[in-house]
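> Annotations per TrEMBL:
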| type | residues | note |
| --- | --- | --- |
| ACT_SITE | C273 | active site, nucleophile |
| ACT_SITE | H720 | active site, proton acceptor |
| BINDING | C137, C140, C157, H170 | Zn(2+) binding site |
| BINDING | W147, R159, R160, Y161, F162, Y197, Y199, D202 | substrate binding site |
| DOMAIN | 113-221 | domain 'UBP-type' |
| DOMAIN | 264-758 | domain 'USP' |
| DOMAIN | 558-599 | domain 'UBA' |
| DOMAIN | 625-665 | domain 'UBA' |
| REGION | 420-439 | region 'Disordered' |
| REGION | 674-699 | region 'Disordered' |
Amino acid sequence: MKRFFSFKCCSGSSKVVMGDVGEILMSVLSTIRVPKPGDRVHKDECALSFASPESEGGLYVCMNSFLGFGSQYVERHHARTGQRAYLHITRTRKAKVDCNDISSFQWDGEVRQESKHAADLKQLDNGLKIPPTGWRCEVCDLQENLWMNLTDGKVLCGRRYFDGTGGNNHALLHFQETGYPLAVKLGTITPDGADVYSYDEDDMVLDSKLAEHLSHFGIDMMTMEKTERTMTELEIAVNQRVGEWEVIQESGTTLRPLFGPGLTGMKNLGNSCYLNSVMQVLFTIPDFQNKYVANIDKIIDEAPSDPTQDFKTQVLVQFLSFITVEIKHQIGIAPRMFKALVGRGHPEFSTNRQQDAQEFLLHFINMVERNCRSGSNPSEAFRFLVEDRIVCQQSQKAKYTQRVEYIVQLPVPMDQATNTEELQEAEQRREEGDSSAPTVRAQIPFTACMAALSEPEILTDFWSSAVQAKTAATKMTRFASFPDHLVIQIKKFTFGLDWVPKKLDVSIDVPDTLDLSALRATGQQPGEELLPEVAPPPLMTPDVEVKALPLHPLSAPVLDDSTVSQLCEMGFPLEACRKAVYYTGNTGIDSAMNWIMGHMDDSDFSAPLVLPGGSSGPGSTPTESLSEEHLATIVSMGFSRDQATKALRATSNVLDRAVDWIFSHLDDLESMDVSEGGRSAVESEGGRDPPPGPRVRDGPGKYELFAFISHMGTSTMCGHYVCHIKKDQQWVIFNDQKVCASEKPPKDLGYLYFYRRVTE
């Protein structure tokens, strides 16, 4: 790739006399500054469009703010800021991808980034020299999956995999004891490189000084030969064994590359395939197109001085890159600014680690909600109401509650597999040590999944306000409204009997059309009595006969911190862990774990713990200290100011938590005792209509499939995502920047399915 640099000077005048040259030059130089530590230099993409150094006209980098602008917007920036000096960067590609070579359209591992430790890595002068062969773990004598720490030369075994294979975690334990960050996998070293892992960055990385670092311990990189599979090869091998790799990526057929408007790929920035797949689907939905593309002039004109930090601007830039790119070959768009913005401040999405596409979809919807304070809200296309009907079996009285959802989580009843005999035979052969036993995928009918979703759930520990005691109850879930676009998640990721995460290898005959009309909620039935609105009694702890937890607004529940910590270390949300310990009366890890496994599907599973008649566990927030910006954000979503106030009070004025809380406590909001203005709910109803709830659309429950996202790998923490989208009656596969016409879309192996309403 060739790079060219030049400087552009915007004089602001069409004529410049010689006597003014020195004066203009000094004026220009006065606006130039040197980047400081922490300054981001945007030399790869335009802040207001999809232009890059490879685009026609190249990229202009402001020498004061270091923002990049395409040729279409550089004059605009000069006119608004008076900046005159820009670095002009152009790039031309020397090599061309053979679009007829299908091997170039297969995923070959995630893009790795240079480690922050590589340039200045500390290496101990301990005289240690590592032989070229014959390695063993210095702790357990394992002879495979060995990693050499690049700081002290220790050779230790790698991590233990989910299935019990791999190593004994000794390399990881060594890092935890010493803090030495980088290790290289022995057996993968060749003159071209090796597998290098950064424990501190928790990812596979690049080490530009690897040859120097290896030489320190007597290893000549240029003479080494590969004797073990790389981590990428191991992951692909797992995918190939279960057949996901070939089927999902359609590797057995010749795929025709596509390009042009609506067919633009997205480059993988390092484990960013989850983001690429989700955004490809969202950009096809009219609500998102109308929100941003229809307002392009307004958004650009109102963009702040640093457009890279403006949500609306960056979403618009990504939209434009998808629908207006005119190219004759597939180059892909690199969404660096967009990824940095949507992941900023998030503990997971701000990293380069692989993530759950479903969690990212909800995270992005949450960002859209917060940034749509006026005008249309495209996330309303997914929003729907769910009605839960709980009937006390002893009194036969019922309770109705509604909650907002954006995704339908569909359970996978493994006991309903139609090929049980084949599964049992294959499992028996594997247990007998038959290495040639075939991999058999469970065939689960979609109707069985829907039946598992809609069938009554038995609640054995329900506190009935009618009988003032715990008793059995049945819970029925139905749709109180049907959204314009329905998202279905197949719950493939679960826990084994040993609490180890695993992925269900299943094939589900997901239909092209769907009719959910029979699952519409009917509300209170004629003659049906409702359960009294009475709060349950205080929690009884096992050490005291009657010990009510403190309910003062500034008090907190008494919880066993050690049990909460153990649950958090297993990866469960903090608030869910606190609730598990609270509702099991501090009776230990086993009962708390059972509570968690029984409530993981609850809509408020990770919402803050809210005590009866009180506030959330950490305490409440006085009205006068609530953020007006947070209040305005929640009000813009269709809730009243009183409701927004209660949500923020219950969550210590944390906006994200308040949004989650308000959507999972709609029934609480409807029975607010006193509003912010001091009027009771009854008094308020006399003078005006009840406070509005979240805006939801409704219509027929008939849908057609238009997209699905598939995952390859053993868990959401690794692997790869691709998406298939139906465009003009043709299925198209989007595999990062590679876009092709799909011949055999693997609709039975998807993870997230996207349906749109069928209008008659």
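Using N, Cα and C of the backbone, Cβ positions are placed for all residues, glycine too.
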> Write out how many residues of the domain 'UBP-type' (113-221) are helix, how many strand and how many coil, based on DSSP.
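Secondary-structure breakdown of the domain 'UBP-type' (113-221): 16 helix, 24 strand, 69 coil.
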> Checking the recorded positions W147, Y199, D202, H720, which are within 10 Å of the residue listed as 'active site, nucleophile' at the Cα level?
H720
> Using the centroid of the Cβ atoms of C137, C140, C157, H170 as reference, list every other same-chain residue with Cβ within 8 Å of it (recorded Zn(2+) site), in sequence order.
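Residues close to the Zn(2+) site, other than C137, C140, C157, H170: E138, V139, D141, L142, L146, L156, G167, N168, A171.
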> Could you measure between R160 (substrate binding site) and H170 (Zn(2+) binding site) for me? Cα positions, answer in whole angstrom.
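Rounded to a whole number, the Cα-Cα distance is 9 Å.
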> Near R159 (substrate binding site), meaning Cα within 10 Å, which of C137, C140, H170, H720 (recorded positions)?
H170
> Using a 10 Å radius around each Cβ and all protein chains in view, which of these binding-site residues has the most neighbours: C137, C157?
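It comes out as C157.
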> Round to the nearest Å and give the CA-to-CA distance linking Y197 (substrate binding site) with C140 (Zn(2+) binding site).
21
> On the 0 to 100 pLDDT scale, where does the domain 'USP' (264-758) sit on average?
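Averaged over the domain 'USP' (264-758), per-residue pLDDT gives 80.
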> Near C157 (Zn(2+) binding site), which recorded positions out of W147, Y199, D202, H720 have their CA within 10 Å?
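Of everything listed, what lies within 10 Å of C157 (Zn(2+) binding site) (Cα to Cα) is W147.
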> Would you mind checking how many other C-beta atoms are within 10 angstroms of the C-beta on Y197 (substrate binding site)?
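Around Y197 (substrate binding site), other Cβ atoms within 10 Å: 22.
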> Cα-Cα separation of C137 (Zn(2+) binding site) and W147 (substrate binding site), in Å?
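Cα to Cα, C137 (Zn(2+) binding site) and W147 (substrate binding site) are separated by 8 Å.
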> Mind telling me which of the recorded positions R159, R160, H170, H720 has the densest Cβ neighbourhood, counting other Cβ atoms within 10 Å?
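Answer by Cβ density within 10 Å: H720.
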